[in-house]
Amino acid sequence: MEVIKISPRGYCYGVVDAMVLALRTAQNFDLPRPIHILGMIVHNAHVVEAFEKQGIKTLDGEDRLALLDQVQEGTIIFTAHGVSPEVRKKARDKGLTVVDATCPDVTKTHDLIREKVAEGYHVLYIGKKGHPEPEGAMGIAPDHVHLVQKLEELEALDLPTDKLIVTNQTTMSQWDVKHLMDAILKRFPGVEVHNEICLATQVRQEAVAEQVGEADLCIVVGDPRSNNSNRLAQVSEEIADVPSYRIADLFELDIEWLRGKKNVAVTSGASTPTPLTKEVITFLEQFDEFNPATWEKKRTVNMAKILPTVK
């Protein structure tokens with residue numbers, strides 16, 4: 001089978017930095033124990049399991065503030081998705097040692113919101129409900145930041161037009177954002193636009209749109225909770241018109257999807273360990289639908305070594 005390896009793909013710098021910071025925290029025995037991560041450090045269950053083996057427990061749930069009730073002492077790591085000021089204050093008030101792994105691109109958006117709200121602006125925030133990044137952004141100024149995911153939510157808003165900005169979750173599809181941005185500009189012609197899709201997300205989406213066209217199928221390797229992974233599959237189907245499946249790893253790959261296919265494109269989300277993507281590519285390269293000996297899926301990755309190396 002011919003495999004088109006979409007490039008760039010996989011880990012972005014924000015994800016790598018967050019994981020390396022968490023690993024250094026685990027290796028620093030001057031920091032108080034136990035060590036918890038407030039939410040998934042990145043949206044990948046394999047990564048979470050690998051950190052558990054490093055002695056770092058992940059607290060999973062949508063409400064970061066409520067999750068903090070489970071921690072009475074030790075060190076807390078904030079994830080790459082960022083947290084609200086209220087969460088930061090609660091962690092300090094509990095006497096916890098804080099390690100902040102917030103992605104710099106997310107911090108940039110938080111700073112923008114903070115600055116504009118101080119100037120009297122309201123903020124339209126395009127994002128996905130239930131995702132930790134919008135939770136953190138909205139928490140900066142709950143009365144002034146308005147989450148928009150669908151057009152009908154926009155139509156229900158009654159906001160002043162003289163001091164209004166629009167920004168977005170960094171991992172959204174740029175085409176989804178444009179769709180809502182256009183509607184917002186039509187509804188609020190004077191709105192100030194700040195497109196905050198991070199460069200890593202943007203170039204990975206553009207790579208799929210531009211490189212997947214000759215494929216019969218696109219496989220996206222990424223966790224089901226990874227927004228950017230799901231968006232890559234969406235880009236393949238809606239922009240490039242190529243059928244796509246998102247899989248967490250090789251063992252979610254259905255052989256039936258491959259029947260009659262000659263060219264398969266592979267990409268991966270920004271939080272997907274590189275070895276897992278390579279494992280999928282290696283399997284596809286040897287796959288022959290007429291040779292059952294090539295159908296068996298075997299784990300070739302050492303799952304204890306999927307985290308980045310701390311230098």
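Quick reminder: no glycine exception, Cβ is built from N, Cα and C everywhere.
According to Swiss-Prot, the protein has these features:
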type     : residues                                             : note
ACT_SITE : Glu133                                               : active site, proton donor
BINDING  : Cys12, Cys103, Cys198                                : [4Fe-4S] cluster binding site
BINDING  : His43, His81, His131, Thr170, Ser226, Asn228, Ser271 : (2E)-4-hydroxy-3-methylbut-2-enyl diphosphate binding site
BINDING  : His43, His81, His131, Ser226, Asn228, Ser271         : dimethylallyl diphosphate binding site
BINDING  : His43, His81, His131, Ser226, Asn228, Ser271         : isopentenyl diphosphate binding site
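Spacing of Ser271 ((2E)-4-hydroxy-3-methylbut-2-enyl diphosphate binding site) relative to Glu133 (active site, proton donor) is 14 Å (Cα to Cα, whole number). When the Cα atoms are compared, His43 ((2E)-4-hydroxy-3-methylbut-2-enyl diphosphate binding site) and Glu133 (active site, proton donor) turn out to be 12 Å apart.
Annotation note: Cys198 ([4Fe-4S] cluster binding site) sits in a coil segment as assigned by DSSP. When the alpha carbons of the residue listed as 'active site, proton donor' and His81 ((2E)-4-hydroxy-3-methylbut-2-enyl diphosphate binding site) are compared, the span between them is 5 angstrom.
For Cys12 ([4Fe-4S] cluster binding site), the nearest of the binding-site residues by C-alpha distance turns out to be Asn228; the candidates were His81, Ser226, Asn228. Using Cys103 ([4Fe-4S] cluster binding site) as the reference Cα, a 10 A cut-off selects none from the binding-site residues His131, Ser226, Asn228. Here (2E)-4-hydroxy-3-methylbut-2-enyl diphosphate is bound by His43, His81, His131, Thr170, Ser226, Asn228, Ser271 per the record. The longest Cα to Cα distance in that group is 15 Å. Using Cys198 ([4Fe-4S] cluster binding site) as the reference Cα, a 10 A cut-off selects Thr170 from the binding-site residues Thr170, Ser226, Asn228.
Taking each of the binding-site residues Ser226, Ser271 in turn and counting other Cβ atoms within 10 Å of its Cβ gives the largest count for Ser271.
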